[in-house]
Each structure stands twice: as C-alpha cells, then as structure tokens.
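Presented below is the structure to which this report refers.
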Amino acid sequence: MVCGVKTLGQFIIEKQADFPYAKGELSRLLRDIGIAAKIVNREVNKAGLVDILGDVGTTNIQGEEQKKLDVYANEQFIAALTSGGECCIVATEEEDEIIHIESPVSQNAKYIVCIDPLDGSSNIDVNVAVGTIFSIYRRKSVEGLASLQDVLQKGTEQVAAGYVIYGSSTMLVYTTGKGVNGFTLDPSIGEFCLSHPQMKIPETGYIYSVNEGNYVHFPDGVKKYIKYCQVEDVSTKRPYTSRYIGSMVGDIHRNLIKGGIYIYPTTSRSPNGKLRLLYECNPMAFIIEQAGGKASTGFDRILDINPAELHQRVPVFIGSKNMVEKAEEMMLIYTEKPLSVEEKVESKLEDLGVVGGID
Ligand code: P6P
C-alpha cells in the first residue's frame with residue numbers, strides 16, 4: 001500500500017491468485033499497458049502547450065484524419081508492449097494490418113492485444129475527454145508465428161479488457177472476468193490507485209447517448225426508442241437526459257457510473273455502424289457485462305459475434321440492462337434484422353444457383 005491506497009501494480013499481483021495457473025505474464029502485460037497510459041496521459045495533459053495538437057496530414061485505414069496524439073499514443077502502446085515481451089501481436093486502429101512483435105521473446109508470447117490507442121481524438125483540440133480502449137486474448141495457435149486467426153476471436157474469448165479515460169482525472173478501468181475495478185492516476189506519486197472497486201452499472205438509468213444529428217438515417221427501431229426516451233412519463237422518470245460528447249469512452253464511463261445507454265446504430269454513412277468490433281465494442285461489452293449491464297447490436301450479443309475482418313464495424317447498444325432491453329424491444333418490433341456475414345454469403349450463393357451453399 002502506498003500512502004494508504006492500493007496501486008494498480010499491487011492489485012494486479014494480488015488478483016493474480018485468482019488464476020491458479022497464472023505465471024505472471026498477464027500481470028506483466030497489464031502493467032505494461034498501465035505504463036504506456038501514464039506516458040500518453042502526460043502528453044494529453046500538455047497537448048495545448050506543445051506542438052502535438054492537430055493533424056498529422058495522414059489518414060488511417062478508417063479514412064480518418066490522424067491526429068498527432070493518435071500517432072504518438074499508438075507508438076507508445078506498441079513500444080510498451082514490445083519491451084514488455086508478453087504480447088506477440090498488436091491489432092491497432094491506427095494500422096491497416098496486424099503488427100507482429102519481432103523480438104524472439106515476443107514471438108513466443110501467449111497474448112494478443114487489440115487496441116484503440118486514442119479514441120475520440122477529434123476532441124483533443126477542444127479539450128474534451130478522450131480514451132484508450134484495449135482487449136487481451138490468449139493466442140490459439142500453439143506453434144510458429146501467431147496470425148490473423150489468433151486475432152479474429154469472439155469477444156467471449158477475451159481474458160481481459162479495459163479503457164483509460166483522460167478526463168478531469170485520468171482513470172484506468174479493467175476486468176479480467178471477475179468484476180470491474182477503476183484506478184485513478186495520482187500524479188503526485190505517478191501511480192494508478194484503486195478508487196472504484198467492483199464497479200456496477202445501475203440496472204436502469206436516465207441518460208441516453210446517441211448522435212441525434214443522424215436521426216433521419218437511423219433504423220425505425222432507434223427512432224422509436226429515442227422518442228420513447230423523450231416522452232413525458234413521471235412513473236419512469238422520462239423524459240431522459242441526452243448526453244453525447246463524441247467520445248465513446250467518455251460517454252460509456254459516465255453511463256457506467258450513473259446508468260445510461262450509448263447507441264451507435266447503422267446510419268447512411270455507416271451502414272454497419274461506426275464503432276469497431278475488435279478494439280472498441282468487444283472490450284467495452286466485456287466491461288459493461290461484467291458490471292451487470294448489456295451490450296448488443298440491437299439484436300445479437302456483441303461478445304458472441306464471430307469477427308470476419310480486422311477492422312469490422314458493428315452497431316452497438318450498450319449500457320444499463322433495462323435500457324438496452326427496451327431499445328432491443330423497439331428494434332425487434334420496428335426494424336428488420338440485417339443478414340449476418342454468413343447469411344449474406346449463403347443468400348448470394350443461392351442467387352447464383354449454388355443450391356445448399358458450400359460445405
Ligand atoms: P460521431 C470517436 O471518433 C468515435 O469513434 C467514438 O469515440 C464516438 O462515440 C463516435 O466515434 C462519435 O462519432 O459520428 O457521432 O461524431
């Protein structure tokens with residue numbers, strides 16, 4: 001205990017006992033992520049003072065302007081994961097392809113990390129909270145170089161997931177499947193200290209987070225749910241409050257503490273939704289489910305989705321259980337469920353006269 005508080009490092013070691021076969025690799029991997037988060041935090045906090053705001057002048061595979069801090073954060077997390085030696089592949093929003101960590105130690109490491117190094121970076125220049133989101137898997141392949149197949153695992157296979165929110169204070173929130181714990185960075189000692197043990201999301205809430213500027217392009221089920229949130233009904237404390245800051249980590253962190261729902265559905269510009277399955281929706285879904293909430297596409301559980309590609313996007317309805325279930329109810333009534341990737345292939349084959357599909 002440092003000055004009466006439990007640091008992230010102490011907590012990780014203490015909880016390692018939860019995993020009888022753990023030899024400390026996951027503990028060290030979480031420590032490496034914590035170190036990179038502190039380095040990124042330092043730059044985020046002084047972003048207005050040094051030439052690290054604004055665009056790099058390049059775009060990532062998503063076609064999004066890369067901010068200098070996006071690139072900086074990406075470099076710091078990759079460097080920390082490389083030096084730590086516990087990770088063999090990094091899949092990051094900022095790189096088109098997976099990154100094999102080349103060192104001999106890392107090539108035989110057993111963990112895969114999927115990461116959005118700096119989510120919500122369009123907010124950096126206007127000083128609104130941004131975040132890092134990470135997801136950790138055990139590699140499935142047992143020999144040779146790990147591959148993309150080791151990365152494209154269902155969310156239920158995650159061994160850990162977490163986020164860092166660089167806001168009025170900097171917090172790291174993570175789960176290893178045994179609850180959710182939050183740590184606040186104490187700059188005076190440079191340590192993340194346990195501040196929010198065993199976080200639970202209220203079963204219902206009164207905040208809905210969605211970009212209503214896209215309203216006309218939303219599925220009817222989403223339009224109906226938004227109108228449901230806005231109708232006066234004292235018995236259910238409606239109308240709810242609308243809060244949307246354009247930073248998934250910020251919106252979901254608030255909803256985790258106060259209760260609420262975050263929705264990024266399909267829109268005309270994002271026909272599959274905007275948020276990425278592997279390094280945004282899956283980690284957030286793991287955390288929110290572990291905190292007692294729910295996360296779906298409006299129809300199916302996020303964590304059950306079989307990823308088809310690295311930067312796959314999915315619609316996301318995530319937050320307080322009762323609110324997500326109400327939104328799903330509206331989607332079921334008013335919106336036709338889109339075909340899954342497998343169903344689209346099957347349907348195409350049938351159109352082409354390939355009866356019974358391909359075994
Ligand atoms: P829009 C940030 O770019 C992000 O990925 C999430 O953090 C955020 O919730 C969403 O996109 C904002 O998107 O289309 O509403 O500006």
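Don't overthink the numbers, they just go from 1 along the chain as shown.
Just so it is clear, glycine is given a Cβ too, placed from its N, Cα and C backbone atoms.
Look at TrEMBL and you will find 6-197 tagged as domain 'Fructose-1-6-bisphosphatase class I N-terminal'.
Over all protein chains present, the Cβ of Leu118 (Mg(2+) 1 binding site) has 30 other Cβ atoms lying within 10 Å. The annotation Mg(2+) 1 binding site is assigned in TrEMBL to Glu93, Asp116, Leu118.
Here TrEMBL flags Asp116, Asp119, Glu280 as Mg(2+) 2 binding site. Under the DSSP three-state reduction, Asp119 (Mg(2+) 2 binding site) is assigned to strand. The Cβ of Asp119 (Mg(2+) 2 binding site) lies under 8 Å from the Cβ of Glu93, Val130, Gly131, Thr132, Ile133, Ser247, Met248, Val249, Glu280, each of these being in the same chain and 6 or more residues away along the sequence.
Per TrEMBL, the feature substrate binding site maps to Asp119, Gly120, Ser121, Ser122, Asn211, Tyr244, Lys274.
Annotation source TrEMBL lists domain 'Fructose-1-6-bisphosphatase class 1 C-terminal' at 201-331.
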Tally of residues which DSSP labels helix, strand or coil - the domain 'Fructose-1-6-bisphosphatase class 1 C-terminal' (201-331): 59 helix, 23 strand, 49 coil
Just to be sure I understand the contacts, which binding-site residues have a Cβ under 6 angstroms from any atom of ligand 1? Candidates are Glu93, Asp116, Leu118, Asp119, Asn211. Asp119, Asn211
Taking the Cβ of each of the binding-site residues and counting other Cβ atoms inside 10 Å, which one has the highest number: Ser121, Ser122, Asn211? Ser121
Please report the number of other Cβ atoms within 10 Å of the Cβ of Gly120 (substrate binding site). 21
Around the Mg(2+) 1 site formed by Glu93, Asp116, Leu118, list the extra residues of the same chain whose Cβ is within 8 Å of the site's Cβ centroid. Asp70, Ala73, Asn74, Thr92, Glu94, Ile115, Pro117, Asp119, Ser121, Thr132, Ile133, Tyr279, Glu280
